[in-house]
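Enquirer: TrEMBL lists 6-31, 126-144, 263-284, 304-327, 414-432, 438-456, 523-544, 1005-1030, 1082-1100, 1106-1127, 1192-1211, 1217-1238 (among others) with the feature transmembrane segment. Summarising the annotation, TrEMBL assigns domain 'ABC transmembrane type-1' to 268-579, 933-1246. The region 'Disordered' feature in TrEMBL is assigned to 357-388, 856-887, 1398-1424. Under the heading domain 'ABC transporter', TrEMBL lists 606-857, 1280-1536.
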Amino acid sequence: MGSHDSILVTVAASLTFIGLCSLPAISSLVLRSRRQDGDRDTYEDADGKATPESVKAFSTKLAKTCILVFANSGFAISLATALLFTHSNGIQLQQWLRTSSWGALLLQSVAITWSRSSVQAYNLGLYSFLSSLALAGVLIIQGTKSAESLLQNNRALFALRVVELGLSICLSVASVSLPRRPDVLHEGEPVDRMYSTTALGRYTFSWPTALLTLASTKKNLDMSDLPRPDHYTRAASTSEAWKKRNSKHPLWLSLLLAHKKAIAIQWFLTLCTSVLNFAPQWVILQLLQTLEKRQPDTSSGVDAWAWVFWLGISIIVGSWLESWLFWMSSAELAIPIRAQLGALVFEKSIRKKDIKGVSKSKETPTEPSEGSEPNGTKPTEGDDADELKQSKQSTVNLIGVDARRLGDFASFQYMFPGSLFKLIVSVAFLISLLGWRALFAGFSAMLAIMPVNIYFSKKYAAAQDRLMKTRDKKMEVVTEALQGIRQIKFSALELDWENKIRAVRERELGAVWDVYVADTMLLACWITSPILLSAISLAVYAYINGSLTPSVAFVSLGVFKALEVTLSIIPELTTDVLDAWVSVKRLEEYLNSAEVSRISKDGEEVKFDRASIAWPADDKTNEEDRFILRDVSVNFPKGELSVISGKTGTGKSLMLAAILGEVDVLEGTLYVPRAPPLAVRHDHKANKSNWIIPEAIAYVAQIPWIENASIKDNIIFGLPFDEDRYKKTVEVCALEKDLEMLSDGENTEIGANGINLSGGQKWRTTLARAIYSRAGILVLDDIFSAVDAHVGRHIFEKCLNGELATGRTRILVTHHVALCEPKTKYLVELGDGGVLNAGLLSELRQGGALQKIKSHEQSSEQIEADESVTAVNSEGSTDDDGNEDAGNTLAKVMSKTAARKFVEEESREKGAVKTRVYSAYLNASGGWIYWTVAAFVFSLTQGFTLGRSWWLKIWTSTYEDQHAGAQHVEDHSLGHSFYYADGVRQTSLQAASGPSIHFEKGLKFYLGVYVGLAILGCIISTAKFFYIFFGSLKASRKLFAEMNFTILRTPIRWLDTVPVGRILNRYTNDFSVIDSQLAHSFSFGFNSVLSLFTVILAGLVVSPYIVGLALVLLLICLHIAITYIVAARPVKRLESNTKSPVFEQFGSSLTGVATIRGFDKAEVYIERMYKKIDDYSTATWHLWLFNRWMGWRMALVGSVFSSFVASLILLTPGIDAALAGFALAFALDFSSAIIWTIRLYSAIELNMNAAERIVEYTELPTESLDGISPPAAWPTGGRIEVDNLVVGYVADMPPVLKGLNFSIDSNERVGVVGRTGAGKSSLTLALFRFLEARSGAIYIDGIDISKIKLHDLRSRLAIIPQDPVLFSGTIRSNLDPFDHHTDAELRDCLERVHLITDSENSSGSATPEPESSEAATAPKNTNVFKNLDSPISEGGLNLSQGQRQLLCLARAIVSRPRIMVLDEATSAVDMHTDGLIQRSIREEFTDATLLVIAHRLSTIADFDRVLVLSDGCVAEYGTPRELWEKGKGGVFRGMCEESGEKEKLKAVIFGEEH
């Protein structure tokens, strides 16, 4: 009667549950009867919109029909059973309750069928599934109780019950077979199908099957094959959700609240898995206890088989919950959080104050730098945080490292509650098994190890922190080297920079080793603790109870193993928490940093009213450390041309930055018209009538910022294409000729930062962008310094004062006041930290101030000829627009060949990682001997694991035998011994251990051997990690050295076509994988393979049939694994490749942030970044999805193996509980061993992708490293002979220099002139052998330069490029990086270029453009160059362009070369300083041969000789007087005539004026 009652209660409870599940169905039916039908032909939700095709393809008819049929059939059969078969009252009631359940299910099925909304039907299907499952459970419980009697007495009823059970299972499957919605598209691209597929597909990870099949078919996957992320994961949506929440809490709490739902589900699933993880152990306990009671030679009863069934079920359910936990942790937390933080950091960077200066006082950084304070006041190692302060790279790390780390942490933080839940469950389980005393004794051993654990956790955290800092530093140094690579190559400093990078790398490897050591010691604690815990607990238990049964020993061992994972993870989690905390603080500090706020008031005109302005600085910078323009009162007239002039470094760019809102206003007021927001401009509707927006601003920066896009795209800059306007813009900006020279014309793709354009082309492209724009206010910084005289006049007349500029307010910074005078309305002269003169030009002319200003600048005649193309090309670009400067190298190449892309797509290997990559890595880490020893050590470790369990089997079987002998001494002792002995003989493994079973051995003996095996195992396990880490470090060092060597010596052309971000990715991300992850993957991968063999070996003990089954299951696993790896491999490569554009876009936008904000284009760039982050998320999402697809299927296979082993144990009567316990303890690990083997194999495969990318770069072609060494003093004279020189950029293109012949004598000063494209830059490149001669030769002091080593050639020549390249450090480190000269010599050189003079203020006295780091006494700004330790920020950005050029000139003077090339090196300095410098050059380089590529004819008019090039040939060569006297037919004479300063030039040439 009791069992009837319990079944009745179960049935009633299930009916209640089914009733509750029916409430949504009832609700939907009621609402459905009241509601009008919606449009069924369309579907749209937050994820996207369905297309007519996908709506048409979508159907739920089959599933709904099945649901209705199964529910009706089940109800009918249940009703028939209740009516036809009469039972006792109790059973009758059960039957009617079941029928009621079927009635509720029928109601649910009607609601599903009737529902017009696919999403609602899907949700109702889930309730129906749960209801059907509950009913099936009741039927199984009833069936097990009554199956035997029904089978004997009432077969018809038995058959109906079976059919009813079958229908309930079919109904449950049909209920989850309803697709949720049609496939939807977002912005024309398909969205991931997780929310489109059926519940069955979703919860068994089946929706990517089509993608996996595609991968298997084409052996590859491309980005276009992967569906886009849903709205929970999209960067734009996550960012929008964050802003809507507008949380004022700390960042970590805001993240927690933003994702509380996902975290709550994650924690709930964790609780369930924590309990279910121990379910298989509990089932095995019941099974072993059943076996312990089993009489020898008897078959197992129904109870034992029931436990086998539950073993399979518990493993499957546990695995499914765990799989789903892993999936939602990555899909709903890791990826969205990473995308969200990435988007927020980028948005912040677009809005953040641009603090470029390097503060003299070393204080806490504003930009996060790994979270700890610097500890010194000098830029020493400990000062890393400060050195990184303004580094853009550490900002990029916020997305690359910190956002990813926080996302990862969010995905596994559930392990904290998980560990606690598991600890509680396992302790409760163990207390019931062993008793509290035994467990307490075990835990006391763990407590003894705890202090060691804590000590090494702290060491690990500190080492990790140090590692992050050194990585930041390495990234900064590498970035700087790559950005200044042209200067490095021109100066032959590759070796020095290689050593500099190597030094930082050695510091990084030192930190990596510290991390490894701490990590290994933590691993040692984690390995030792659980082993000691189990050994001591079992020993105490055996001592207290006098025996140790197999059920207790093996089950407790299983629980201890689970506990081992739980406990071992706690210290690692602690270090991860610390890492995440560092990252969250860095991110929070950055996200809370100052933003650009509106510093101006609205006004009709741009006006400064007693304003004091300075470059943005952090709160910690003292006022005396800043360069300040004080008390500025100017009023720029609307719709007119205004000019700002002043000497180098007087704050001209600062004034423009103020108009853009990029400065701090310390006093006074600034008025600027307020532009309408981007959203209300309706750019896409712009036409001729409404094109100009009077308040909008366009900005041309002093350093042109150009995107990696076509020339046309750079000019249009996202506006609609107006052909007339575009053509006029190109014409007035003098770009027509340039576009003609390029075969792709306006569609020519420009490399990152305009690398393949000459200086002039870059400047004119950015000017065209401003002219084409809709802005009514044009803010132009020094546009004439980059163009030839005739081009300058053309731009002034046709562009600045032409049709397109009429009516626009133009505010121009220039040194060329005379050129601009005719059309200028308003003029400002800056100097001495303020405004010297300001007013309408007419007023200044009357007051005599204009004449004074012009005397500081250039005359109008000079201006016309003097202006030049000196641009921003670190190569010595020279042709104003010439397609020739070094970077331009490529412009020509690209233009003449079919290749349309300048920056090639990043290459991606296909298929498995090549064997040569493995062999390269394995050889680098130590070769075959090293890995053979590794294999032996790992095998030994597994041997100890197996040995320990086998010894436990021997130990427990002795007690079992004693127990059996005592119990069955009369009847069974002989039989039992016989069967036992027979069982022993079944396998060789048992036979080997048979003789060791002697009852006389005491507890101490067994315990001693067990503990001995445990301790030896611990020692060897720890040693193997040290061993692997050591090899890993060796490989890291070797591969880095090879790649570093190669990259610094690759041809400049390759470096031009590859974005810096892509190379940086190799140096940072790929090497951090090789440093930190690959060693783990190899060691744990080794372990997993051996574990798999151990599991199969342990199973062999039970039955040889296990091998057959294991092989079949392994083949199934192999199929799953291959399918997985074929898809995961290309997706992992895609993930690597989608990461680079995120970094590139971030770096590029940080560089051009002033331009982006000036044009008010922030939103456009944010949208673009969202797209790139989404690409990255898509790749990661699919990587995890494929992983879960594989993991869940492997778990199913594992449950089959465990159930099969358990079944064989029951079918083999000779197997005792000890042997069964031994086999089952390992059998449970089958699926995890296989999963880990495959996971780690694929981890090795995927991580080897990093090695593959690095090996690819180590094999790049380098510049020639051969040649003879010239004499030590060469060149002694400096004589240059060019003999029939033919040079071209690419083999299959016509040459650019066509048979040049000329010679230059020692110490001669030769000017090189020629029109755009004449070959001036190509000559420089040929001289430095960036272009190798096709025929002919260049001789220096009689030695053919093609025969000597490149390093020797370049180190003996010097070039001052037009674009100054400085490195971060100090003035001293830039002048003399390797300490070859005294301070006095360095100061002397600074004086010679007029950066310092004997008096306090000199022409260069003013201060850095973005912010001086030298102190200033109140209103005066002191000269930063007086102190050689004055810091120089990254790229020299805290100096003005003019100051940078002068510092480069000083650097060249320091080295005193015999041959020097000047590429119009003073374009950005004021005329007075330029005159002084020209004089210095004449005086300083009397003992050097000087080759000056000139655009200002006055610069070279008094030179010894002039070389005139035309179309790659020598047009004229001789003294200036000879060339003049050729008459008007001469090219040089013609240029002089055109220059507008004919008389002045004539006077200089004929020596009448100096």
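Glycine too: its Cβ is placed from the backbone N, Cα and C atoms.
Source: prediction; values computed, not measured.
Walk me through where these features lie, including what they touch and how far apart they are.
Expert: Residues 256, 307, 310-311, 314-315, 317-318, 321-322, 324-325, 328-329, 332-333, 410, 413-415, 417-418, 421-422, 425-426, 429, 554-555, 558-559, 562, 1202, 1206, 1221, 1224, 1228 of the same chain sit 6 or more residues outside the transmembrane segment (263-284) yet have a Cβ under 8 Å from a Cβ within it.
Sequence-distant contacts of the transmembrane segment (304-327), counting only residues of its own chain at least 6 positions beyond either end whose CB sits under 8 Å from a CB of the stretch, comprise 144, 203, 205, 266, 269-270, 272-273, 276-277, 279-280, 283-284, 286-287, 290-291, 294, 414, 1184-1185, 1187-1188, 1191-1192, 1195-1196, 1198-1200, 1202-1203, 1206-1207, 1210, 1228, 1231.
Tertiary proximity for the transmembrane segment (438-456) is limited to same-chain residues at least six positions away from its ends with a CB under 8 Å from its CB atoms, namely 427, 430-431, 518, 521-522, 525, 528-529, 532-541, 544, 567, 571.
Listed by sequence, the residues of this chain that lie at least six past the ends of the transmembrane segment (523-544) yet keep a Cβ under 8 A from its Cβ atoms are 430, 434-435, 437-439, 441-446, 449, 452-453, 456, 552-553, 556-557, 560-561, 563-564, 567-568, 571-572, 952, 1003, 1006-1007, 1010-1011, 1014-1015, 1017-1018, 1021-1022, 1025.
Same-chain neighbours of the transmembrane segment (1082-1100): 934-935, 938-939, 941-942, 945-946, 949, 987, 989, 1024-1025, 1028, 1032, 1106-1107, 1110, 1201, 1205, 1222-1223, 1225-1227, 1229-1230, 1233-1234, 1236-1237, 1239-1241, 1243-1244, counting only residues six or more beyond its ends whose CB sits under 8 Å from a CB of the stretch.
Remote same-chain residues near the transmembrane segment (1106-1127) are listed as 208, 211-212, 215-216, 219, 221, 1096, 1099-1100, 1182, 1186-1187, 1189-1190, 1193-1194, 1197, 1200-1201, 1204-1205, 1208, 1230, 1234, 1238, 1241-1242, 1245 (criterion: CB distance under 8 Å, separation of at least six residues from the stretch ends).
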Enquirer: For the transmembrane segment (1217-1238), give me same-chain residues lying six or more residues beyond its boundaries with a C-beta closer than 8 angstroms to one of its C-beta atoms, as numbers and ranges.
Expert: 280-281, 284, 287-288, 291-292, 315, 319, 549-551, 553-555, 557-558, 949-950, 952-954, 956-957, 960, 983, 990, 1084-1085, 1088-1089, 1091-1092, 1094-1095, 1098-1099, 1101-1102, 1110, 1113-1114, 1117, 1120-1121, 1124-1125, 1190-1191, 1194-1195, 1197-1199, 1201-1202, 1205-1206, 1209
Enquirer: Which bits of the chain, at least 6 residues beyond where the transmembrane segment (414-432) starts or stops, bring a Cβ under 8 A of a Cβ in it?
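Expert: Beyond its ends, the transmembrane segment (414-432) has Cβ neighbours at 263, 266-267, 269-271, 273-275, 277-278, 281-282, 325, 329, 439, 537, 556, 559-560, 562-563, 566-567, 569-570, 573.
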Enquirer: Which value does the mean pLDDT take for the domain 'ABC transporter' (1280-1536) in this predicted structure?
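Expert: Reported value for the domain 'ABC transporter' (1280-1536) is a mean pLDDT of 77.
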